[in-house]
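Enquirer: The following feature annotations were taken from Swiss-Prot:
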{"type": "BINDING", "residues": "His69, His110, Glu145", "note": "Zn(2+) 1 binding site"}
{"type": "BINDING", "residues": "Glu145, Asp179, His214, Glu259", "note": "Zn(2+) 2 binding site"}
{"type": "BINDING", "residues": "His182, Asp227, His229", "note": "Zn(2+) 3 binding site"}
Amino acid sequence: MLKIGSHVSMSGKKMLLAASEEAVSYGANTFMIYTGAPQNTRRKKIEELNIEAGLAHMKEHGIEEIVVHAPYIINIGNTKNPDTFALGVEFLRSEIERTEAIGAKQIVLHPGAHVGAGPEAGIRKIIEGLNEVLTREQTVQIALETMAGKGSECGRSFEELAQIIDGVTHNEKLSVCFDTCHTHDAGYNIVDDFDGVLEEFDRIIGLDRLKVLHINDSKNPRGSRKDRHENIGFGHIGFAALNYIVHHPQLADIPKILETPYVGEDKNNKKPPYKHEIAMLRAQVFDEELLTKIMNDE
């Protein structure tokens, strides 16, 4: 069965219940959340996340598997500022606790950026950070995300991710989140040869580690190292390639999460595309009028 959903918001008093309600309104059967704002460390107590009501709503609507995304202020690749590294380690630990409390098994993490010290130094620091964070007892896996390679990001190649995984003691607690926009922007030819890319992933990392897919089109050509998401079928990856990935038999059990941009010129009146994009991917037919339909919410 196709597991498809999107990033949804966990906010207000309803928290996890609000996230599940939003996902159901899009016709989703999985979803991804940040446990608070992705750009800061302010978090509600676990007791205030409304977990029981959220889980009941999920069960009622057949949602069994959800994903958490770690905030992007965490940078355990930072070799230059010990405070940034220490904050990243401490905050990642608390996010894992929250992920466990919510009942999710995967927390997606941007591996980190070396901020000028070079990829080797950044990777060593990321390994150090993950070794401080991971415990044998935890039930959650950290899903290292494939990165586009913009700026000083580490994890732009399968080899870099494998290097991180190989260096970590409890690496059974590590998995991978494959982002279509990022891998395309990093230079992988997922448009014409996705099976070849998947074989390469299997050879270097192992398909058994692939636990989350981020399904995004890209505003930029392959190899641009930009990381700018586009709506499904309206970018340089295109509908056919993304549809092929979403329905790929080897990836059937993996949750596919859309992180495509809201639609509309007026920043105060942007519309979420997810209901329409999910329906289009289920139907496996590209709709050229999709963006208009999203704005009119037809």
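Yeah, the Cβs are placed from backbone N, Cα and C, and that goes for glycine too.
Keep in mind the model is a prediction, meaning the values are calculated, not measured.
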Enquirer: Counting only residues 6+ apart in the same chain, whose Cβ is under 8 Å from the Cβ of His214 (Zn(2+) 2 binding site)?
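Expert: Looking at Cβ-Cβ distances below 8 Å from His214 (Zn(2+) 2 binding site), excluding near sequence neighbours, one finds Val108, Glu145, Cys177, Phe178, Asp179, Thr180, Cys181, His182, Ile257, Leu258, Glu259.
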Enquirer: Residues with Cβ closer than 8 Å to the Cβ of His69 (Zn(2+) 1 binding site), same chain and 6+ apart in sequence?
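Expert: His69 (Zn(2+) 1 binding site) has long-range Cβ partners His7, Met32, Ile33, Tyr34, Pro38, Ile107, Val108.
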Enquirer: With every protein chain in view, how many other Cβ atoms are within 10 Å of the Cβ of Glu145 (Zn(2+) 1 binding site)?
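Expert: So the number of other Cβ atoms within 10 Å of Glu145 (Zn(2+) 1 binding site) is 22.
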Enquirer: Using a 10 angstroms cut-off on Cβ to Cβ distances, just flag whichever of His110, His182 is the loneliest among these binding-site residues.
Expert: His110
Enquirer: Can you tell me the CA-to-CA distance separating His110 (Zn(2+) 1 binding site) and His229 (Zn(2+) 3 binding site), as a whole number of Å?
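Expert: Taking the Cα atoms only, His110 (Zn(2+) 1 binding site) lies 16 Å from His229 (Zn(2+) 3 binding site).
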Enquirer: Can you tell which of Asp179, Asp227, Glu259 has the most other C-beta atoms within 10 Å, given these are the binding-site residues?
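Expert: Output for this query is Asp179.
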Enquirer: Which residues, same chain and not among His69, His110, Glu145, have a CB within 8 angstroms of the centroid of the CB atoms at the recorded Zn(2+) 1 site?
Expert: Ala70, Tyr72, Val108, Leu109, Ala143, Cys177, Asp179
Enquirer: What does DSSP say about His110 (Zn(2+) 1 binding site): helix, strand or coil?
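Expert: It is coil.
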Enquirer: Sorted by position, what residues of the same chain at least six away from His229 (Zn(2+) 3 binding site) have a C-beta under 8 A from it?
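Expert: Within the chain, His229 (Zn(2+) 3 binding site) has Cβ neighbours under 8 Å at Cys181, Asn216, Asp217, Ser218, Lys219, Gly235, Glu259, Thr260, Pro261.
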Enquirer: So, three-state DSSP: helix, strand or coil for His182 (Zn(2+) 3 binding site)?
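Expert: DSSP assigns His182 (Zn(2+) 3 binding site) to helix.
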Enquirer: Which residues, same chain and not among His182, Asp227, His229, have a CB within 8 angstroms of the centroid of the CB atoms at the recorded Zn(2+) 3 site?
Expert: Ala148, Asp179, Cys181, Asp185, Asn216, Ser218, Lys226, Arg228
